[in-house]
Amino acid sequence: MARHVFLTGPPGVGKTTLIHKASEVLKSSGVPVDGFYTEEVRQGGRRIGFDVVTLSGTRGPLSRVGLEPPPGKRECRVGQYVVDLTSFEQLALPVLRNADCSSGPGQRVCVIDEIGKMELFSQLFIQAVRQTLSTPGTIILGTIPVPKGKPLALVEEIRNRKDVKVFNVTKENRNHLLPDIVTCVQSSRK
C-alpha cells in the first residue's frame, strides 16, 4: 500500500494549488502537517524567480534571474534562474529534519513542493528527502516534475518506489483530484 503521495504534471497545471488545498483539509481534520512549497515571484508582470515558503509562513529566495552566486560558490543555474542554495537549505532542511525526529501519536504529513531541478542542486536536501522517505511515522505529500530530458535520479527513485502513489495532474482532472489525494494520505496514516 502507498505511504507517500506525490503529484506530477506540467508546470502551471495546478500541483501546488492542490497541495495547498490538501494541506488545509488535512490540518482542519487534525492531522499534523509541516513542510514547504515553492512560489513564483513576479515583478512588473514578469517572473523573476521562485521563493521557498514554509507552511509556518517563513519565506526566502529559491532562485532569481541574474543572481550572482556567493564568492567561492559554484553557480547552480536552471535556465535563466540562479539557485540560492544557502537560502533554500536554511528553510527546507529544518522542516525535513523536524519531520524525521518528531514524535507523538499518529503519522505526520510532510509537504515537499517540489523535488525538482533547482532543489536537487542541494546534496543535503537529497539526503534529507531520502531520510524522510524511510522515516516511520512520516508521510510525504509532495510534487515531482514530469520526466523530460535527462532523468533526475531522486525523482525516478521516488516514482519507482512501491510505497509511493503518484497522481498525474492535468487541466482536465485537477478540479476532481482533491478528494482522492486527501483519502490516499488519510489511509496512509492508518
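The chain as shown is numbered from 1 upward.
A Cβ is built for glycine as well, from the same backbone N, Cα and C atoms used for every other residue.
Residues Lys15, Lys165, Lys171 are shown; Swiss-Prot lists N6-acetyllysine for one of them, Lys165. For the recorded site, Val13 (ATP binding site), the DSSP three-state label reads coil. Note: the CA-CA distance between Val111 (ATP binding site) and Ala2 (N-acetylalanine) rounds to 16 Å. The two recorded residues, Asp113 (ATP binding site) and Ala2 (N-acetylalanine), have Cα atoms 19 Å apart. Take the CB of Ile115 (ATP binding site) and look out to 10 A: across all protein chains shown you find 22 other CB atoms. Minimal Cβ crowding within 10 Å, among the recorded positions Lys15, Lys165, is found at Lys165.
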